[in-house]
Amino acid sequence: MTLDLQTRIKAKIREIESAIELTPYQDRPLSLLAGAGGSILYHFYMAKMQDSGVLYDRAFALLNTTLDYLEEHGIDALTYTNGIVGFGRLFHLLAEEGYIETEVDDILVDVDDVVIAYTHRLLAEGNLDFLHGAIGNGFYLNRRVGRPAIDECLGYFVGQLRQTAICDEQGVRWYEQPSEKNRQSTTTVNLSLSHGLCSKIVFLAECLKNRISVPECTFLLEGCLQYLQQYHQPDSEVDTYPSFVADPGQRQYFHRLAWCYGDLGVAVALISAGKALGKPQWVEQAVGVALRAAKRRTPDKTALVDVEFCHGTAGVAHIFNRFYLESGNDEFRAVRDHWLEQTLAMASFPDGLAGYKTWRGGSWLTDVGLLEGIMGVGLVLQSSLEKAPDNLSWDGVLLLDWR
């Protein structure tokens with residue numbers, strides 16, 4: 001990274017911090033990806049990466065406010081994106097990484113029971129979404145492994161995945177349940193990281209690392225990889241994998257380069273599965289998929305229009321940064337810097353937050369949040385200056401910490 005780019009990144013980080021300070025959250029006190037929970041994550045990690053006592057003070061104040069809210073109001077939202085599941089995942093991460101000294105069980109033992117009951121309900125409903133369903137719960141449960149009730153729930157979870165999976169000569173997959181968030185047909189397989197097969201692969205990889213239902217996890221993981229492999233198109237100039245497959249084998253492509261949908265999410269799933277299974281060929285294929293994605297830079301091959309982590313330039317830059325730190329390949333460093341430049345260039349709105357707006361629902365909106373707003377952008381920019389992958393563990397909440 002050039003000194004000029006570093007200087008401009010640091011200046012933009014300061015602008016983002018000022019905008020966040022002036023735009024506090026008034027709602028969604030538990031939300032990890034769209035509310036105050038994300039602000040807690042942002043401030044703790046930015047404090048560490050900048051060695052800033054001021055940011056640490058803000059982080060602890062935000063955390064205490066949320067804990068006070070829980071004590072006063074109880075649990076009033078559940079999902080990974082907006083509720084106690086995501087906040088519990090955040091709290092465990094902060095304790096695991098040494099940001100807080102509170103005994104985790106003092107806070108989370110009651111949360112465990114809520115998440116277990118909620119998981120059973122979602123599984124009964126067939127809701128296997130990551131951001132809004134049972135798979136999101138699974139990432140909380142995998143952090144709490146070792147408690148008998150948690151281990152039992154995870155074993156049941158894997159058993160339900162085995163029972164509901166379509167398993168045949170094509171491999172293993174699940175049809176998605178139509179919902180407000182997912183309007184696809186009941187005979188469609190969603191391959192995405194945000195809502196589909198790739199998040200299930202990452203979940204199963206975590207279960208396997210935790211020695212949960214090892215034979216079933218291994219069978220399902222290998223079957224999912226087999227299913228993905230038949231749709232692998234290494235010579236494609238755009239998508240190497242489809243976003244959706246409607247049986248019998250009809251493929252739908254978004255031409256999107258993003259965290260949520262497209263080849264980068266598949267690469268994340270492949271590297272997670274390869275490490276869990278101890279099969280380096282899948283890690284190598286993940287790197288190959290990411291390298292092909294690195295060649296896509298024009299709008300017709302990326303469908304990128306804004307900056308957010310979910311489906312904007314910041315998320316793309318961060319995933320390529322992760323692959324650079326994983327592989328040391330300078331192609332990833334170069335493409336990371338390209339998307340960092342694009343991220344800086346998109347700060348073009350005089351009435352935006354640090355110049356940024358998010359394209360949503362046919363209009364440009366301001367958003368502070370982690371997934372679709374400037375907190376995610378700020379963390380990506382700061383992380384690009386880091387040499388140690390350990391300081392990037394915040395992205396585990398978005399399934400990118402595949403160590």
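Keep in mind that glycine also has a Cβ here, set from the backbone N, Cα and C atoms.
Heads up, TrEMBL stuff is auto-annotated, nobody curated it.
Applying an 8 A CB threshold to same-chain residues 6+ apart, the list for C310 (Zn(2+) binding site) reads S194, A258, W259, C260, L371, E372, G376. The Zn(2+) binding site feature in TrEMBL is assigned to C260, C310, H311.
The Cβ of H311 (Zn(2+) binding site) has 26 other Cβ atoms within 10 Å, all protein chains considered.
All protein chains included, C260 (Zn(2+) binding site) registers 25 other Cβ atoms within 10 Å of its own Cβ. Note: the Zn(2+) site is recorded as C260, C310, H311; in the same chain, S194, R256, A258, W259, Y261, E308, F309, G312, G315, L371, E372 also have Cβ atoms within 8 Å of that site's Cβ centroid.
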